[in-house]
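Enquirer: Dropping a structure here in structure tokens format, bear with me for questions.
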Amino acid sequence: MRDLFMLAVLPVMLYAMVQRPFIAVGMWLWTALFYPNAWVYGIAGIPRYNLLFTGVAILSYLAWRTKPKIELTGVGALVLAFFVWTLASTTMSIGNQDVSWDYWIRFSKVVALFIAIVLVIKDKLHFDFVLWCVVLSVGFYADLETLKFIASGGGHKIVGLSGHVLGDRNELALAFVMTLPLCYYLWTEYGKRSRILNLGLLGTMALLALGVIGTESRGGFVALLMLGAYLYIKSDRKILLTILIAAFCIGASFYISSDYVARMDTITAAEQDDSFMTRVVAWKLSFIMAMQHPFFGGGIKALEYFPVWSELSKEFFAYPWFYTGTGFPNTTIARAAHSIYFQVLGDQGFVGLALYLGCLATSFLKAGGVARKARKRGAPAWLPTAAVMVQLSIFAFAVGGAALSLAYFDLIFALFGLVVVLERRMLATVVPVPPTASETRIAAKPAYAARG
């Protein structure tokens, strides 16, 4: 049935994408996050939807007659500089060259998506459509899996689709947290237009949050807590937020097992958690690789190449101040870095890490700046709200990614692109509201008094 539905709507989607480039860009992101090939079988599973939609998006843009002016800003310049740096590091990779180039090609597609967003997205309709594509991919999967979690009384373990970028439950949990603020923005814009949309988006937000618990991901749980705390501090509706948080905690308590509580308790006793200390060992080896190759690093996925892992392990005691407890490098298999920061440090060296941190910090600050300037200029309410929610999503990634190897994630680079669009296209169109006559008189009164 799913195959027939997919084949039936595919021509319609392709026609819409050809006619409207922003639809093609949104569907490009949707296929990257939703992985439609895992949902269909038979003939419907033959097309590579992500590649197909990518090609249509590029052709649609090339045929577009009213292309907006190209605007990159500091965020765009940093992203492109980081991309060029990854190319240089990959050419000098000390890991498996075939693997390094394969993952660099994947990353090049992520950067191509970033560029497509910057080139195509130009107004609120386009912006909202991209966010809908995120919610209808990550949010839809959260709805489906969390309902199973509820129906099983908390017994169902939420994991990602095999072979997908979000196949690991920890990475899936982080995607859930990142989607929460974006879903909130859509709720503020569309919830009041329809009762179905209102309940649907509210329900999706609740299921996204509960889904994080269903993954049993400690990193996702920490990211959810930090996002909630940040939102609470920034919110001007603390009483309402307190009630909602309390209601969620009471509801979630019915599905939290004692095993889950015990697992979360290990967060406060990290030194006694073998799983966490294994990650610290990988962090140290990533640091050692960066010290040996400080400029360009070891190349993408070099740490996971066992010969490299073994060589780095020989220098494990070279930096005694880098505490790893009783943890030691595995002598049979190599492991991932398990941190976006140490992942980039090992892959791209100290310069590459500086560029990556620049992308995160600049986009976070720019989004906050857009919100402040939009309020000051009297912009429509949706613009500062959108900027703050994108900022929160970037914040969630920066926090939750500290324990995950997800540095080259499609969604975070899509958010970088949206920050560029918010700053250069949407904020630029807002004309500052001139002061009223009464405000002008009030402002002029002290000067008049001084002359008298």
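Cβ atoms here come from the backbone N, Cα and C positions, even for glycine.
What TrEMBL lists as domain 'DUF5935' is 1-186. What TrEMBL lists as transmembrane segment is 12-33, 39-63, 70-88, 103-122, 129-151, 171-187, 196-212, 218-233, 240-257, 349-369, 381-399, 405-422. For 204-357, the entry in TrEMBL reads domain 'O-antigen ligase-related'.
Can you walk me through where each of these features ends up in the structure?
Expert: As a whole-number mean, the pLDDT of the domain 'DUF5935' (1-186) in this prediction is 93.
Sequence-distant contacts of the transmembrane segment (171-187) (same chain, at least 6 residues past either end, Cβ-Cβ under 8 Å): 33, 128, 131-132, 134-135, 138-139, 141-142, 158-160, 165, 197-198, 201-202, 204-205, 208-209, 211-212, 215, 217, 219-221, 223-224, 227, 231, 382, 385-386, 388-390, 392-393, 396-397, 400-401, 404, 406, 409, 411-412.
Within its own chain, the transmembrane segment (218-233) is flanked in space by residues 170, 172-174, 176-177, 180-181, 209, 212, 241-242, 245, 263-264, 266-267, 392, 395-396, 399-400, 402-404, which lie at least six positions past its ends and keep a Cβ under 8 Å from the stretch.
Outside the transmembrane segment (381-399) by six or more residues, the chain places 124, 127, 174, 177-182, 184-185, 188-189, 222-223, 226-227, 230-231, 234, 340, 360, 363-364, 367-368, 370-372, 374-375, 406, 409, 411-412, 415, 418-419, 422, 426-427, 430 with a CB less than 8 A from a CB of the stretch.
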Enquirer: Is the transmembrane segment (349-369) packed against any residues at least 6 beyond its ends, judged by a Cβ distance under 8 Å, and which are they?
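Expert: For the transmembrane segment (349-369), the list is 73-75, 78-79, 81-82, 85-86, 89, 290, 293-297, 340-341, 387-388, 390-391, 394-395, 397-398, 407, 415-416, 419, 422-423.
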Enquirer: Cβ pairs under 8 Å with the transmembrane segment (12-33): which stretch of 70-88, 129-151, 196-212 has the most?
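Expert: Answer is 129-151, with the largest number of Cβ pairs below 8 Å.
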